[in-house]
Amino acid sequence: MKRIGILTSGGDAPGMNAAIRAVTRTALANGIEVCGIRYGYAGLVAGDIFQMTSETVADKINRGGTFLYSARFPEFKEEEVQLKGIEQLKKHGIDALVVIGGDGSYHGALKLTRHGYNAVGLPGSIDNDIPYTDFTIGFDTACNTAMEAIDKIRDTATSHQRVFVVNVMGRDCGDIAMHVGVATGADAIVIPEEPYDIKEIAENLKQGFANGKKHGIVVLAEGVMDANKFKDELLKYGDFDARANILGHMQRGGSPTTRDRVLASEMGAYAVKLLLEGKGGLAVGIENNKLSHHDILDLFDAKHHGNYALYSLNKDLAK
C-alpha cells in the first residue's frame, strides 16, 4: 500500500477535521502518501482529489465542520457510478480509503471494498446512531452546544414563567435528547424509542408550577414530532404559557470538544493501522472505552442501543 485516500460524507460533525488530521499524519509517519477527496463520494466520482501533506492538516484540529467538505450523493448506490469512482482511484494511484460519516457513507465504503479497494469507516455523526460504538465523532460537541443553548433558554423561561419545548437533533435516535435532558434538568425527555403520554407531561408541568417552579423544559428529539405541533398538543392539557424552540443545525457546528478531538484522533490513527494490516470493509468504534472494529456488513443488521437508563433517571430526577 503506497497511497490512501480520505473523504467525509453525509452530514458533517465536529471532530471530522481532527480525524482527517490523524489519518493523514499517521499514514505519512508510516511512509504512506495521502490524498484528500473533496465533497465525499460526489467528489470521488468527479475526480476532485489532491495530495495532502502534514501542513495541509495543520491548524485544523480545532475547527468544526470538515475542510474536505461533504455532500450527500445517493447516486453512488448505482454500480455504474461506483465504477466511475474506481476509475478515479486507479487514476490517482489510491490503494485504500478512509471514509468518515454515517450509515450511507458506510454503504459506499463496503461497495468499494467489494470492488477490491480496502475501505475503513469512521463514525462521524452527531446523532450517535451508529451500532457497535458507544460514541460517534461529533456527538459530545453537539450535546454541549445543545446544553449551552438550553441553559440560556432556561433563563428567559424563568423570567416569564414559561414552558419551552426544545427540539434537538436525532431523527431515529434519542441520545442527544437523553444526555442533554439530564444535563439541563429537563422536566421531560421525549424520544423516538420510548412511548410518551403528552397529557401526563402537561400534568407534571402544571404540578411543577404549583410547587413553585418558575419554568418548564421539555427536550424533544426531532424524530418524534414537530416542536410547534408538540407545544400545541401540550397546551390542550395545560393552562401555562409555552413556546417552541428548534436548535437545528447549530448542533453540527462549532469547535469540537476535547472529548471529540481525542476520540477522532484515536479512531483516525486506528483506521490507518487496520489498512496497514491489509484489512478493509471495517467500521471503527469505541466500546467500553476501547477501540474496536467490526465488519461493516454487520452494522446494517444491527441497531444502536442508547443508554436508556438516562431516560429513566431523568423521570426520577424531574419529580
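Glycine too: its Cβ is placed from the backbone N, Cα and C atoms.
The ATP binding site annotation in Swiss-Prot covers Gly11, Arg72, Phe73, Gly102, Asp103, Gly104, Ser105, and the record cites sequence analysis as its basis. Mapped onto three states, the DSSP output places Ser105 (ATP binding site) in helix.
Annotated ADP binding site per Swiss-Prot: Arg21, Ala22, Val23, Thr24, Arg25, Arg154, Gly185, Ala186, Asp187, Lys213, Lys214, His215, in sequence order. With a cut-off of 8 Å between CB atoms and residues at least 6 apart in sequence, the same chain places Ile4, Ile6, Val34, Val98, Gly268, Ala269, Ala271, Val272 near Val23 (ADP binding site), listed in sequence order.
Positions annotated as Mg(2+) binding site by Swiss-Prot: Asp103. A sphere of 10 angstroms centred on the C-beta of Asp103 (ATP binding site) encloses 16 other C-beta atoms.
Residues or ranges marked as substrate binding site in Swiss-Prot: Ser125, Ile126, Asp127, Arg162, Met169, Gly170, Arg171, Glu222, Arg243, His249, Met250, Gln251, Arg252. Around Asp127 (substrate binding site), the C-beta neighbours below 8 angstroms that are at least 6 residues distant in the chain are Gly102, Thr136, Phe139, Met169, Gly170, Arg171, Asp172, Cys173, Asp175, Ile176.
Taken from Swiss-Prot, the feature active site, proton acceptor applies to Asp127.
Nothing from the binding-site residues Arg21, Arg25, Gly185, Arg243, Met250 places its Cα within 10 Å of the Cα belonging to Gly11 (ATP binding site). Here is what falls inside 10 Å of the CA of Asp103 (ATP binding site) among the binding-site residues Ser125, Arg243, Arg252: Ser125. When each of the binding-site residues Gly102, Gly104, Gly185 is scored by how many other Cβ atoms sit within 10 Å of its Cβ, Gly185 comes out lowest. The maximal spread of the substrate binding site, taken as the longest Cα to Cα distance among Ser125, Ile126, Asp127, Arg162, Met169, Gly170, Arg171, Glu222, Arg243, His249, Met250, Gln251, Arg252, is 32 Å. Distances between the Cα of Arg25 (ADP binding site) and those of the binding-site residues Arg72, Phe73, Ser105, Arg243, Arg252 are shortest for Ser105. Shown are the binding-site residues Arg21, Arg171, Lys214; the one with the most C-beta atoms within 10 angstroms of its own C-beta is Arg21. Distance noted between the C-alpha atoms of Asp187 (ADP binding site) and Arg243 (substrate binding site) is 15 Å.
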